[in-house]
Amino acid sequence: MANTKAHGDNYINFEKGIWSWLTTVDHKRIGLMYFITVMFFFLIGGIMALLLRLELFAPNAAPNVGQILANGDVYNQVMTYHGAIMVFMVIVPGIPAILGNFFLPLQIGAKDVAFPRINLLSWYCFMAGAILAIATFFTTKIDTGWTFYTPYSIRTGTATAMMVLAAFIMGMSSILTGLNFIVTVHKLRAPGMTMHRMPLFIWSLYATAILQMLATPVLGITLLLLAVERFLGIGIFDPKLGGDPVLFQHFFWFYSHPAVYIMIIPAMGIISELITTFSKKVIFGYTAIAYSSLGIAAVSFFVWGHHMFVSGQSETTGIVFSFLTMLVGVPTAIKMFNWVATFYKGSVEFRSPMLYALGFMFLFAIGGVTGVMLATLPIDVHFHDTYFVVAHFHYVMVGGTLMALMGGYYYWFPKMFGKMYNETTARISFVFIFIGFNVTFFPQFILGAMGMPRRYFDYIPAYENLNKISTVGSWLILIGFLVGLYTIVQGLMKGEKAPMNPWGSKTLEWQTSSPPPHDNFSVEPVVTAGPYEYR
Amino acid sequence: MSTDNTVHGAHTAHVAHHFKTAEQQYSSGKEGIWLFMLTEILMFGAIFVGYAIYHNMYPAMFAEGASSLDWKMGFVNTLVLIFSSFTMAISISFIQKNEQKKAVLALATTVLCGAIFMVIKYFEYQHKFHLGLFPGKFLDVAKVGAEHANLGLYFGFYYVMTGLHGIHVLLGMGLITWCLIRTIRGDFHSQYWIVVEGVGLFWHIVDLIWIFLFPLLYLVG
């Protein structure tokens with residue numbers, strides 16, 4: 001293009017200086033800015049998690065090692081920040097805002113997202129909300145848990161209002177990203193790129209964007225009402241003033257249940273890409289996988305009541321929600337079986353992104369099956385608020401989303417930075433994370449079944465051994481991520497120059513140089529076949 | 001940075017570099033604004049659900065609250081907003097016909113109507129404050145002689161719903177003023193008006209929400 005003479009030949013050196021980054025409307029640069037910020041918050045949230053596990057290493061009565069954190073209040077605060085940071089600042093924006101921003105236009109052969117300036121605005125919204133959220137840490141630290149349940153969140157003397165406003169602002173960022181993606185998918189596909197020729201990652205981002213658009217506004221108004229309730233005491237959620245605290249739970253989960261699919265559906269999209277690329281084989285059941293993303297998105301709006309089986313909602317409601325929740329298992333299983341079928345007669349290559357994909361399938365299967373268990377009304381009443389639930393959602397959120405995110409980073413690393421990473425250290429990192437994860441969270445299923453309640457900062461001696469194992473596991477995860485960080489930094493500094501298409505993938509983002517030029521493609525691609533025509 | 005003038009020969013100054021044609025940009029913008037409207041409806045939707053639940057729980061209290069509002073002021077405001085929607089709509093049609101002067105007049109009238117709405121709202125709020133009809137815990141039931149102990153809940157809804165709507169009116173006025181300035185500058189013409197149309201859609205949604213708020217708060221008793 002005409003401008004390339006005055007500028008560098010790729011998006012990274014296209015313009016120079018920090019200002020050119022802060023004012024950029026290039027989706028690739030915005031993706032990288034999200035990458036840096038989200039990784040920073042992941043570090044903070046991770047430190048909180050390690051502190052929690054350290055506190056739970058032994059019961060408080062144990063000599064010397066019993067109590068790490070000053071008291072239960074501090075534990076509650078650390079737990080709240082771990083949850084709020086990991087949910088609102090890491091896994092919700094994680095895949096769509098980083099990898100989605102970077103690869104959605106590339107994979108459909110567009111020059112950018114439909115509204116580049118709104119894309120930048122969404123990053124600033126995210127930063128404003130995140131800074132406000134972190135700022136609460138320096139006032140009165142909040143202790144409500146990330147769910148802000150009423151009436152406690154109304155009465156606790158902490159900076160809850162500030163935190164919910166922060167979440168409100170970050171929600172706007174999520175809405176804007178979703179809106180941008182939907183319009184981009186509808187309007188900016190390259191010639192020949194029909195909906196049914198889109199890579200499955202795009203289908204998953206599309207389903208996610210619908211959820212971001214439809215669910216987040218309800219969370220927004222709910223959090224706003226919570227803040228108003230704290231300031232004005234209008235009695236909408238406060239039973240003392242004639243309000244209904246359960247209404248808050250309905251509103252909250254109407255967003256927050258779809259939100260867990262905002263976290264997991266794009267992860268499934270990455271897995272589809274990884275499995276087909278490293279099996280060198282066309283994905284089995286393309287249409288089924290594509291539509292199952294939309295299926296999960298659709299069902300997700302009708303299952304929020306399963307968070308409320310013991311909240312006092314009617315038994316009939318509980319039973320209906322129980323059955324509706326089990327429906328989620330159907331499209332999810334469709335994806336699983338199709339992935340497994342893709343391996344059949346493929347030339348499977350165990351590169352580190354593929355290891356993460358396999359890790360995902362193993363962990364997500366456990367997370368998913370325990371999800372169906374918890375959807376079963378009578379079982380949930382027994383397991384409610386125990387470590388069984390904690391183990392379940394970590395298997396889904398960490399074992400699922402984070403595994404996919406890591407796999408996606410390694411897969412697209414050569415494209416994003418134009419460098420190759422060290423395969424050996426990436427594999428070592430995977431082994432530590434995978435084993436560490438299971439060591440940390442599998443014992444929590446047993447602890448939950450034994451009756452250990454979640455969110456407590458102390459426990460009876462009977463739970464001690466399993467908690468010790470769990471804490472040791474958290475150190476293994478730490479080692480894994482440190483090795484992963486080393487791999488990324490080493491790759492950035494000293495990695496070999498990446499070729500255009502190191503994995504032999506068929507999707508469009510690999511058909512342009514690494515890293516891509518400012519306008520993504522030097523010649524606009526014309527698509528004549530589906531995304532995975534390997535053989 | 002629209003360097004690529006070759007594609008379809010349609011690349012003019014108002015088409016951003018990542019769009020191929022003006023039509024593609026127009027339809028993208030239009031879809032974007034409609035999706036944004038959807039989020040607005042969902043956001044207000046939740047608060048309407050809250051209203052419905054509490055109205056059902058405390059019908060007599062809501063009746064008492066509604067009876068202390070002045071429906072005449074609300075009615076005048078409804079007319080003002082409906083008229084402003086009309087002037088907003090014709091401004092776009094003027095721009096499409098390249099009659100910028102008339103469009104500027106129509107946009108200015110729309111902003112003026114928004115201002116009239118806010119002034120009337122201001123007097124309503126002031127009157128309520130004067131009577132001690134504050135939201136939530138600030139409403140002293142004994143002082144205002146209310147029959148229902150939780151009348152503050154009704155006024156909580158009243159102030160949150162009309163307040164959130166009022167913020168949207170102010171935002172809309174700002175956006176329309178921005179369109180007005182750009183129209184004077186000559187940015188919009190028969191080939192390019194999507195920005196005004198988008199702002200117009202926003203304004204219509206804001207009016208539409210008021211059309212629901214008015215009967216729910218003032219008339220249903």
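Just so you know, glycine gets a Cβ as well, placed from its N, Cα and C.
Mean pLDDT for the domain 'Cytochrome oxidase subunit I profile' (A:13-528) in the predicted structure: 94. If you look up TrEMBL, you'll see A:13-528 marked as domain 'Cytochrome oxidase subunit I profile'.
Residues or ranges marked as transmembrane segment by TrEMBL: A:32-52 (among others).
Look at TrEMBL and you will find A:81-106 (among others) tagged as transmembrane segment. Note on the transmembrane segment (A:81-106): residues 27-28, 30-32, 34-35, 38, 41-42, 44-45, 48-49, 52, 112-113, 119, 122-123, 126, 129-130, 133, 137, 141-142, 145-147, 163, 166-167, 170, 173-174, 177-178, 181, 184-185, 188, 201-202, 205, 208-209, 212, 259, 262-263, 266-267, 269-270, 397, 401-402, 404-405, 408-409, 412, 415-416, 508-509, 512, 516, 520 of its chain, located 6 or more positions outside it, place their CB under 8 angstroms from a CB of the stretch.
Residues or ranges marked as transmembrane segment by TrEMBL: A:118-139 (among others).
Residues annotated as transmembrane segment in TrEMBL: A:159-183 (among others). Beyond the transmembrane segment (A:159-183), the same-chain residues lying 6 or more positions past its ends with a Cβ under 8 Å from any Cβ of the stretch are 84, 88-89, 92-93, 96-97, 100-101, 104, 113-115, 118-119, 121-123, 125-126, 128-130, 132-133, 135-136, 139-142, 144, 148, 153, 205-206, 208-213, 216-217, 219-220, 223-224, 226-227, 230-231, 262.
Per TrEMBL, the feature transmembrane segment maps to A:203-227 (among others).
If you look up TrEMBL, you'll see A:247-271 (among others) marked as transmembrane segment.
As annotated by TrEMBL, transmembrane segment applies to A:283-304 (among others).
Annotation comment: TrEMBL describes A:316-334 (among others) as transmembrane segment. Sequence-remote contacts of a segment are chain residues at least 6 beyond its ends whose Cβ falls under 8 Å from one of its Cβ atoms, and for the transmembrane segment (A:316-334) they are 285, 288-289, 291-293, 295-296, 299-300, 302-306, 308-309, 368, 371-372, 375-377, 380.
Residues or ranges marked as transmembrane segment by TrEMBL: A:355-379 (among others). Below 8 angstroms of C-beta separation, residues 267, 270-271, 274-275, 278, 303, 306, 309, 318-319, 322, 325-326, 328-329, 332-333, 336, 339-340, 388-389, 391-396, 398-400, 403-404, 406-407, 410, 427, 430, 433-434, 437-438, 445 of the same chain, each at least six residues beyond the ends of the transmembrane segment (A:355-379), sit close to that stretch.
The feature transmembrane segment is assigned by TrEMBL to A:391-413 (among others).
Sequence annotations record features per position, and here TrEMBL assigns transmembrane segment to A:425-452 (among others). Long-range contacts of the transmembrane segment (A:425-452) within its own chain (CB-CB distance under 8 A, at least 6 residues past either end) are made by residues 53, 352, 355-356, 359, 363, 370, 383, 386-392, 394-395, 398-399, 403, 406, 410, 459, 462-463, 466-467, 469-481, 483-484, 486-487, 490.
Only residues 6 or more beyond the boundaries of the transmembrane segment (A:472-493), in the same chain, are considered here, and those with a CB under 8 A from a CB of the stretch are 46, 49-50, 53, 406, 409, 413, 417, 419-422, 425-426, 428-441, 443. Here TrEMBL flags A:472-493 (among others) as transmembrane segment.
The listed stretches are A:32-52, A:118-139, A:203-227, A:283-304, A:391-413; of these, A:203-227 has the most Cβ pairs under 8 Å to the transmembrane segment (A:247-271).
The transmembrane segment (A:203-227) and the transmembrane segment (A:118-139) are not in contact, since fewer than 3 Cβ pairs between them lie under 8 Å (pairs 6 or more apart in sequence).
The largest share of C-beta pairs under 8 angstroms with the transmembrane segment (A:118-139) comes from A:32-52, of the ranges A:32-52, A:283-304, A:391-413. Sequence-remote contacts of a segment are chain residues at least 6 beyond its ends whose Cβ falls under 8 Å from one of its Cβ atoms, and for the transmembrane segment (A:391-413) they are 86, 91, 94-95, 98-99, 102-103, 260, 263-264, 266-268, 270-271, 273-274, 277, 351-357, 359-360, 362-364, 366-368, 370-371, 373-374, 419-421, 426, 430, 433-434, 437, 440-442, 444-445, 447-448, 484, 488, 491, 503, 509.
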